[in-house]
């Protein structure tokens, strides 16, 4: 009986979502010293980069954020997705 109860407890612990929340850098700069906790349902860190043309010439832009899905890359837009805390490179 004790073995059955212990087995049940182990199965419950393994199967339950224990409230883990993803930590991602969320900013629009090349370096992000701090990370933020992603909201529920957004368990992917996304880094988008592109070149924006402004009055002073082209400039590389970067945006880091939490997301529910990994968006596709497009012409002129590079997307990097990862699923571990602060996993940008």
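Cβ coordinates come from backbone N, Cα and C, glycine included.
Remember, it's a predicted structure, so these values are computed and weren't measured experimentally.
Straight from Swiss-Prot, the features:
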- 1-21: signal peptide (SIGNAL)
- 24-45: disulfide bond (DISULFID)
- 27-32: disulfide bond (DISULFID)
- 38-66: disulfide bond (DISULFID)
- 70-81: disulfide bond (DISULFID)
- 82-87: disulfide bond (DISULFID)
Completion exercise
Once DSSP output is merged into helix, strand and coil, residue 38 (disulfide bond) belongs to coil
Problem - Pairwise Cα distance for residue 32 (disulfide bond)/residue 24 (disulfide bond) [Å, integer] - result: 10
Practice task
Would you mind sorting out which of 24, 45, 87 (the disulfide-bonded residues) have a C-alpha within 10 A of the one on residue 66 (disulfide bond)?
Solution key: 24, 45
Completion exercise
Those disulfide-bonded residues from 27, 38, 45 that fall inside 10 A of residue 87 (disulfide bond) by CA distance are 45
Handout entry: Cα distance (Å, whole number) from residue 70 (disulfide bond) to residue 45 (disulfide bond)
Key = 8
Practice task
Give me the non-local Cβ neighbours of residue 70 (disulfide bond): same chain, 6+ apart in sequence, Cβ-Cβ under 8 Å, ordered along the sequence.
Solution key: 44, 46, 79, 81
Problem - Rounded Cα separation (Å) that holds between residue 82 (disulfide bond) and residue 24 (disulfide bond) - result: 10
Handout entry: Distance [Cα-Cα, Å, rounded] between residue 27 (disulfide bond) and residue 38 (disulfide bond)
Key = 13
Completion exercise
One finds that other Cβ atoms within 10 Å of the Cβ of residue 82 (disulfide bond) number exactly 16
